[in-house]
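According to TrEMBL, the features are:
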TRANSMEM  38-59  transmembrane segment
TRANSMEM  106-125  transmembrane segment
TRANSMEM  145-164  transmembrane segment
TRANSMEM  176-198  transmembrane segment
TRANSMEM  229-249  transmembrane segment
TRANSMEM  256-275  transmembrane segment
TRANSMEM  295-318  transmembrane segment
TRANSMEM  330-349  transmembrane segment
TRANSMEM  416-441  transmembrane segment
Amino acid sequence: MAGQKTEAKSAPANGVPLFKSKVTDLDLKLDNEIVYEFGGPIGVVGMMLGFPSLMYYFWVCLEYHQGKLIVPAVFSMDGIKAFFWNDIWAAIAKDACPTWYAAKIYLGYIFISVILAYTMPGPVVEGLPIPSLQGKRLKYLCNGIAAWYFLLVLSAVLHVTGIFRLTEIIDNFGHIMTIAIMWGFFLTTSVYVMSTILGTNHRMSGNFFYDYFMGACLNPRVGILDLKMWAEIRVPWPILFYISLSCALKQYETRGYVTGPAAFMVLAHFLYVNACQKGEECIPTSWDIFYEKDGFMLIFWNMAGVPFTYCYASIYLMKFEQTTGIAITHSWAFTVFLFTALLAAYYIFDTGNSQKNRFRMEQNGSFIVRNTFPQLPYGHIKNPSYIKTAHGNLLLTDGWWGVVRKPHYTADLVMAISWGLITGFGSFLPYFYFCFFLCVLTHRVTRDMERCAKKYGKDWDRYCERVPYIFVPYVF
Ligand code: NDP
């Protein structure tokens with residue numbers, strides 16, 4: 001109940017006191033606070049129009065101009081190719097129009113992933129107390145890893161038997177992207193309308209555009225299926241992986257082998273999907289789940305933005321080879337360096353997320369041991385050090401979390417830049433993800449730090465003194 005104090009019991013097993021925290025007045029206040037983000041209504045309208053437009057623009061650059069950025073003819077400059085709007089419309093009408101076949105591929109995947117989310121076995125974990133639900137903890141069925149393995153086997157069978165060749169994904173990329181964009185808008189609208197009808201709207205600003213962007217509902221659910229958690233990990237990352245796999249298979253079909261950079265992208269995306277599924281039980285305590293609402297920002301970006309923009313490195317490698325006949329490769333030293341950087345960053349990303357989330361789960365009383373692959377050493381800290389806050393929550397100051405305040409962000413960014421570097425320096429597009437992600441994380445850090453400073457007050461100052469750097473020790 002609002003206003004009740006947190007209860008502390010000790011859980012000697014790992015030295016982390018159990019805080020089955022109840023919602024405080026401050027939690028309620030912060031959860032209901034409306035602050036215009038992203039430039040307010042005008043900014044979000046710009047983003048809702050800008051994101052899909054940018055996706056088409058980048059797609060044209062990749063598809064027809066070898067990843068070179070083109071400019072409208074009126075701004076024509078020496079050395080930079082100009083385009084005419086008619087050419088863009090013609091390209092979209094031909095190679096990115098919605099088709100039934102593309103709808104079958106994309107929505108077929110969505111359908112299968114929903115069915116798997118309902119039917120696959122997995123543990124059920126409790127989330128954090130939700131202030132707007134009087135402290136109720138929602139339950140999450142974490143069967144992502146079983147669904148992921150099932151999907152891998154199913155797709156291998158479909159490909160090998162020729163029922164559905166995975167190369168069809170890249171052959172129909174433009175069409176599928178359009179279906180994903182349409183689906184993103186459709187799902188956002190459906191969730192918004194249902195939430196309004198069911199009376200589950202929360203933290204509404206009163207401005208339709210802003211609320212459509214940020215979302216109306218905090219936890220949309222259909223039975224046991226939490227739509228937000230499903231959208232966060234079951235859709236974007238597997239589709240991204242399949243796009244990269246499709247590019248690599250295309251190369252294999254034409255060359256008879258897969259080059260180092262193409263294999264790198266498949267590995268990079270495999271690691272990301274696998275990490276999300278194997279550690280799914282950690283996600284209910286994350287900020288997206290217990291604080292962010294389910295609006296255009298999360299839905300569109302997960303349904304269309306992530307899979308169809310984070311894949312540019314893989315597509316660029318493939319297109320470059322198709323148009324020049326030369327596959328991009330690098331020296332052994334550079335290739336080994338990038339593989340090492342990717343794996344090292346992945347290790348910190350995986351164990352960093354795991355250290356904090358497991359610590360939080362121990363505190364929350366929802367910690368479970370899982371043997372999903374790979375369980376990396378240092379992913380769970382024994383008897384960790386932490387700062388106890390007056391709020392009741394504990395702030396971890398051990399492991400990677402004793403080095404910087406956002407170790408998982410730094411590692412994620414290193415992975416992101418490695419996805420660009422593996423393509424060389426011929427195009428900006430493979431670096432788009434890194435640049436975009438840097439902006440997202442910088443903005444996220446700012447929002448998060450402001451919220452934590454309000455929530456924890458002097459304890460947050462103590463924590464920042466104890467862990468002074470955010471991303472890189474002694475630098476920033
Ligand atoms: P965090 O995991 O950083 O979660 C932030 C929350 O964690 C804070 O609000 C606070 O919550 C709690 N917290 C912060 N510091 C501590 C601490 N020292 N000890 C205990 N709890 C702490 O945020 P995200 O959800 O943003 O990121 C999760 C992962 O997802 C990251 O690896 C990120 O890179 C990745 N990500 C990837 C994206 C992509 O597009 N590729 C997009 C966004 C995220 P409380 O109020 O409960 O204390």
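Sequential numbering from 1, following the chain as shown.
For all residues, glycine too, the Cβ spot is worked out from N, Cα and C.
If you count C-beta pairs under 8 angstroms between the transmembrane segment (416-441) and each of 38-59, 145-164, 176-198, 229-249, 295-318, the highest count goes to 295-318.
Ranked by the number of CB pairs under 8 Å to the transmembrane segment (145-164), the listed stretches 38-59, 106-125, 176-198, 295-318, 330-349 are led by 106-125. Of the Cβ pairs linking the transmembrane segment (106-125) with the transmembrane segment (330-349) and spaced 6 or more residues apart, fewer than 3 are under 8 Å, so the two regions do not touch. Residues 260-261, 264, 267-268, 271, 275, 376, 400, 407-408, 410-412, 414-415, 418, 421-422, 424 of the same chain, all 6+ positions outside the transmembrane segment (330-349), place their C-beta atoms under 8 angstroms from a C-beta of that stretch. Ranked by the number of CB pairs under 8 Å to the transmembrane segment (256-275), the listed stretches 38-59, 176-198, 295-318 are led by 295-318. Nonlocal intrachain contacts for the transmembrane segment (229-249), taken as residues 6+ away from its ends with a CB within less than 8 angstroms of a stretch CB, comprise 109-110, 113-114, 116-117, 140, 144, 147-148, 151, 155, 159, 165-170, 173, 180, 187, 258, 262-263, 265-266, 268-270, 272-273, 276-277, 280, 283-284, 288-289, 294, 298-299, 301-303, 305-308, 310-311, 314-315, 317-318.
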